[in-house]
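Encoded as structure tokens, the structure appears first; notes follow it.
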Amino acid sequence: MTAQTAPAFPHRHLLGIEGLSRPDIEALLERADAAVALSRQVEKKRTVLRGRTQINLFFEPSTRTQSSFELAGKRLGADVMNMSVASSSVKKGETLIDTAATLNAMRPDIIVVRHHAAGAVHLLARKVDCAVVNAGDGAHEHPTQALLDALTIRRNKGGIEGLQVAICGDVLHSRVARSNIILLQALGARVRVIGPSTLLPTGIERFGVEVFTDMRAGLKGCDIVMMLRLQRERMNGSFVPSVKEYFRYYGLDGDKLALAKPGALVMHPGPMNRGVEIASDIADGTQSLIREQVEMGVAVRMAVLEALATHLPNG
């Protein structure tokens, strides 16, 4: 299957993994595989979004995600505008609804949004006439990160069905964890979460995951070890005694990784805190997929933008 022959994506927006069917997910991954091949060519551009306008509206700092969406849009031929919230009317007291109305009046075709409040992207999508992509909303969802993680796993393992995936660390504050739990289980993986009790959401068992507070026990038999960033900017209390203590019990080093399956692969959504969530020799080692995740991010975002383009007028 190529991007041109992929089945039509039945959704006007991409607001989360929740609500996507397994065929929806697999169709996006097939498109992303084609985008990987394109991105590895000398000539990397397509024209599917030529004449279209994409606005990247980020209310939270981002390097990887924003630059990845920008590159994805440009490779598909879009005119891409990055809106700096730090110097925008938002800083002067403008509400999200007013911002949405202002942007809508500019008649963009696609708006990519990251916001610190869960549900904010869904609200904005109801107020505009264009396609909206969720680039992360609070601790709720980060759908393109989960898609790129699935693509990375699939390309290295040949599939996801039956794999044992451990998601480790600050699960409480992680939109990446939530989206990955939903997506990986939809594709047949068995998911377990590992972290201190202070960083695990109450009632997370209802998502069908195994829960471990002992990392060494939790890593046994795992095919994939997915580390999460310790999100200290979202913590207004004492969730961990110290970063040194955190690394001792929940940071991934060689001794802990050895408890997983031989050849288990390591992932991290970035940015990494070396020596806090993961040791440098593991992050840079032969079992690490972290750099590949970055490459897959551009491909997945190209796939998402291209899929949504089918719903644009004359798209």
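In case you wondered, yes, glycine gets a Cβ from its N, Cα and C as well.
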Report summary line: In Swiss-Prot, carbamoyl phosphate binding by R64, T65, H142, Q145, G270, P271 extends, among R31, R40, R107, R114, to R114
Query - Fewest-neighbour residue among binding-site residues, criterion Cβ within 10 Å, set R114, H142, R175, R229 - result: R229
**Report entry** Span of R64, T65, R114, H142, Q145, G270, P271 around carbamoyl phosphate - largest C-alpha separation, Å
**Finding:** 16
Report task. Show which residues of the chain containing R64 (carbamoyl phosphate binding site), separated from it by at least 6 in sequence, have their CB under 8 Å from its CB. Result -> G270, P271, V294, G297
Query raised in the report: Fewest neighbouring Cβ atoms within 10 Å: which of the binding-site residues T65, Q145?
Result: T65
Requested in this report: To the nearest whole angstrom, state the Cα distance for the pair R175 (L-aspartate binding site) and R114 (carbamoyl phosphate binding site).
Outcome: 12
